[in-house]
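The next block holds one structure in the form of structure tokens; read it before the comments.
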Amino acid sequence: MITGKTHVTGIMGHPLGHSLSPIMHNAAFRSLGMDWIYVPFPVKPENLKAAVEGLRALGVEGVNVTIPHKEAVLEYIDDIHGTAALIGAVNTLKFDDGTVRGYNTDASGCLRALEEVTSVEGSSVLILGAGGAARACAFQLAEKGASDITILNRTPEKARLLAEDMADKLGFEASYGGYELIQGSVKSADILIDTTPVGMHPHTDDRPLVGAELMHEGLVVHDLVYNPQRTVLLREAERASAIPVSGIRMLLYQGVEAFRIWTGRDPPLDVMEDALKRVLNRD
């Protein structure tokens, strides 16, 4: 039962119809018997400042932040934590005695998903795409000791800007270019991360940017798309005896880290994962 003592968390963005975060977090709260709830807060860009101040005033514990607010919200928070400051975007806010702190758990989620199957330190990484998720992964993996990172994007200029930002903030010299460089780049990569929406529901049969013929045995292939769980890219990885990593892993681990930030407790990983898979299998 929701009462005046119930601790409130949630997610704010626009639109929000696709979010699986309420399912994942509410399953964890129920499993632990916590008087907490996670709800969606649709917030249009023009209402972002008012939303942050309103959540602060209402005593909300924290929220996830999604498109299109991850960068814009920086203007309205008091403190930004760790890697999030380098990335220049946050996906998690914690309200603590009137102070609003920002975190980027996409970054740690990407790292943990990869570390289930490989070591990032000393690895050669190829990232497809140059948007917010690509930024989070690139900065986190550079900080964790990747030997080299190549960023390829449909618009090479955007990849160049990300690489230059990494050089300015980390002193890390990433390579960059357009998709015409994919073939040569995959050959030398230990880890491939596709941050593009190619293959996302309902366009599940779209040809991936990298097919099995370009992959090699042992290549770690992380597709950030999680619906479907087994994308065409991951099926191609299996054909090539590469190592597929589903987007559900990053989704799960970014949620796990946000849960810890808000509650100070370790969530039941298996419960959160089962809740996600039940919904995705139903869809």
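A Cβ is built for glycine as well, from the same backbone N, Cα and C atoms used for every other residue.
Over in Swiss-Prot, the protein carries these features:
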- Lys70: active site, proton acceptor (ACT_SITE)
- Ser19, Leu20, Ser21, Thr66, Asn91, Asp106, Tyr226: shikimate binding site (BINDING)
- Gly129, Ala130, Gly131, Gly132, Ala133, Asn153, Arg154, Thr155, Pro156, Glu157, Lys158, Leu224, Gly247: NADP(+) binding site (BINDING)
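Each of the binding-site residues Leu20, Ala133 was scored by the number of other CB atoms within 10 Å of its CB, and the largest score is that of Ala133. Note: the CA-CA distance between Gly129 (NADP(+) binding site) and Thr66 (shikimate binding site) rounds to 18 Å.
Shown in sequence order, Ile11, Gly13, Pro40, Thr66 are the residues of the chain, 6+ apart in sequence, with a C-beta less than 8 angstroms from the C-beta of Ser19 (shikimate binding site). When the C-alpha distances from Arg154 (NADP(+) binding site) to the binding-site residues Leu20, Ser21, Asn91, Asp106 are tabulated, the minimum falls on Asp106.
Under DSSP, Ser21 (shikimate binding site) is assigned to a helix (H, G or I) in the three-state scheme. Annotation: Asp106 are the binding-site residues among Leu20, Ser21, Asp106, Tyr226 whose CA atoms are within 10 angstroms of the CA of Ala133 (NADP(+) binding site). Closest by Cα distance to Leu20 (shikimate binding site), from the binding-site residues Gly131, Pro156, Lys158, Gly247, is Gly247. All protein chains shown were included, and the count of other CB atoms within 10 Å of the CB of Pro156 (NADP(+) binding site) stands at 17.
Of all the binding-site residues given, namely Ser21, Asn91, Asp106, Gly131, Tyr226, Gly247, those whose Cα is no farther than the 10 Å limit from the Cα of Lys70 (active site, proton acceptor) are Asn91. Within 8 Å of the Cβ centroid of the shikimate site, not counting the listed residues Ser19, Leu20, Ser21, Thr66, Asn91, Asp106, Tyr226, the chain contributes Ile11, Asn64, Leu251, Gln254, Gly255. Across the structure, Gly247 (NADP(+) binding site) and Ser21 (shikimate binding site) place their CA atoms 14 angstrom apart. The sparsest Cβ neighbourhood within 10 Å, among the listed recorded positions (Lys70, Arg154, Lys158), is found at Arg154. Neighbour density at the Cβ, taken as the number of other Cβ atoms within 10 Å, is lowest among the binding-site residues Gly129, Gly131, Gly247 for Gly131.
Taking Cα separation as the measure, Asp106 (shikimate binding site) is nearest to Gly131 of the binding-site residues Gly131, Pro156, Lys158.
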